[in-house]
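A quick write-up on the structure given underneath.
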Amino acid sequence: MGAEQRILSIDYARKLDEQDVLAHFREEFYIQPETIYLDGNSLGLLSKRAEKALLSILDSWKQYGIDGWTKGEHPWFYLSEKLGEMTASLIGAEPEETIVTGSTTVNLHQLVAAFFHPNGSATKILADELNFPTDIYALQSQLTLKGLDPNNHLVKVKSEDGRTLKEEDIIAQMSEEIALIVLPSVLYRSGQILDIKRLTAAAHKRDIVIGFDLCHSIGSIPHQLSEWDVDFAFWCNYKHLNGGPGAVGGLYVNKRHFGVKPGLAGWFGSRKDKQFDMEHTMIQATHAGAFQMGTPHLLSAAPLLGSLAMFAEAGIENIRAKSLQLTDYMMALIDAELKQEDFTIANPLNHQQRGGHVYLEHREAARICKALKANNIIPDFRAPNGIRLAPVALYNTFTEVWETVQRLKVIMNEEQYKQFENKRDEVA
Ligand SMILES: *Cc1c(COP(=O)(O)O)cnc(C)c1O
């Protein structure tokens, strides 16, 4: 058999699974029989460890009532800080620079409220036209709160191809009018990785504060936020980190900024030893914890205790290596098996710029996704014509990737997708 023939066989997929050093983690997840779940970049699956951690927090409520704040296996009063510590190595930060709190949108509001100080001619925020809508809405409303018109104070870097951004285009927009920059680390659609190090250096050269949305990179690729000197970052924990639907999010504040006042203050941002003095003058925590607001949503944070422990064990470098191997393999099979069809692989091809998923474009994408689901494959659809397929390192296999491409080939050959309407569902 030739090289191409060889990779097309299921034996090749099985061999890759045998060589996979992370393979044993799959057994720790709840995986529906016969179903191939490729949506871990939208909502990661439940693991037994995450479930156990949630039950343990419920148990301390059961046993201790109010005293669960300080008693039990994981005293609630310190849980956000503890989870921050457990997250730090995933983003290349110090434990004190990281806190589990809020949500992506809430944390973005908090951080912009703290770090956006329009001053002189620098009154604008720089973002990009491909960003996730909630980030844009949050930036618009923060501008409005400062009495600035978002129509001319939110500058959005344009994409030439509608899929990716060029760092040089972003840097070219870092003018004297810009006071703050907020960008994604990985674009949610095409999965493009932006060069955080380069963008941060360019922003700082012009005295601009820069923060990143890590929703699509945390738990999927390594980061060195402190080394790169990023000012702040924020993320959700329910995608690659498998914290569960609506899991509490996280934020990072560079230690250079410790002492900066939270834009939206609340008593959980207090120094822990002062919080219950109940004074009306807030004495804020001396670390990223200062950016917390109210009582943490403990039941939505608890699963992370189990989940983050698995990431520590697996190692983010191993996760990244397997993720690239999975997406390389998926793209090779798509190239070979679906060349007759009108799919465009629209994610960056090189490793340096490719995030954790494959992004296919097809004019029938909405109904192809429905046909995939009817075939027990869970992708996600992004309007108007995108199919995201995320083979996740901790629980997907090479055999599943192989099987996915086989079923997709049948769907296309038999035109199965024509049985469905080419229209998105309410939650796509
Ligand atoms: C998933 C995602 C969000 C979600 O924000 P929530 O506040 O958690 O609803 C925001 N931004 C990006 C880039 C995302 O990928």
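Here the Cβ of each residue, glycine as well, is placed from N, Cα and C on the backbone.
Feature annotations, courtesy of TrEMBL:
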- Thr104, Thr105, Phe132, Pro133, Thr134, Asp135, Asp213, His216, Tyr238, Trp267, Thr295: pyridoxal 5'-phosphate binding site (BINDING)
- Lys239: N6-(pyridoxal phosphate)lysine (MOD_RES)
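The structure, with features from TrEMBL marked on it.
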{"residue": "Thr104", "record": "pyridoxal 5'-phosphate binding site", "Cβ contacts under 8 Å, 6 or more apart": "Thr134, Asp135, Asp213, Cys215, Phe234, Trp235, Cys236, Gly249"}
{"residue": "Phe132", "record": "pyridoxal 5'-phosphate binding site", "Cβ contacts under 8 Å, 6 or more apart": "Pro184, Tyr188, Asp213, Cys215"}
{"residue": "Tyr238", "record": "pyridoxal 5'-phosphate binding site", "Cβ contacts under 8 Å, 6 or more apart": "Leu43, Gly44, Gly244, Pro245, Gly246, Ala247"}
{"residue": "Lys239", "record": "N6-(pyridoxal phosphate)lysine", "Cβ contacts under 8 Å, 6 or more apart": "Gly40, Asn41, Ser42, Leu43, Gly44, Cys215, His216, Ile218, Gly219"}
{"residue": "Thr295", "record": "pyridoxal 5'-phosphate binding site", "Cβ contacts under 8 Å, 6 or more apart": "Phe268"}
Taking every pair from Thr104, Thr105, Phe132, Pro133, Thr134, Asp135, Asp213, His216, Tyr238, Trp267, Thr295, which the record gives as binding pyridoxal 5'-phosphate, the longest CA to CA distance in angstrom is 30
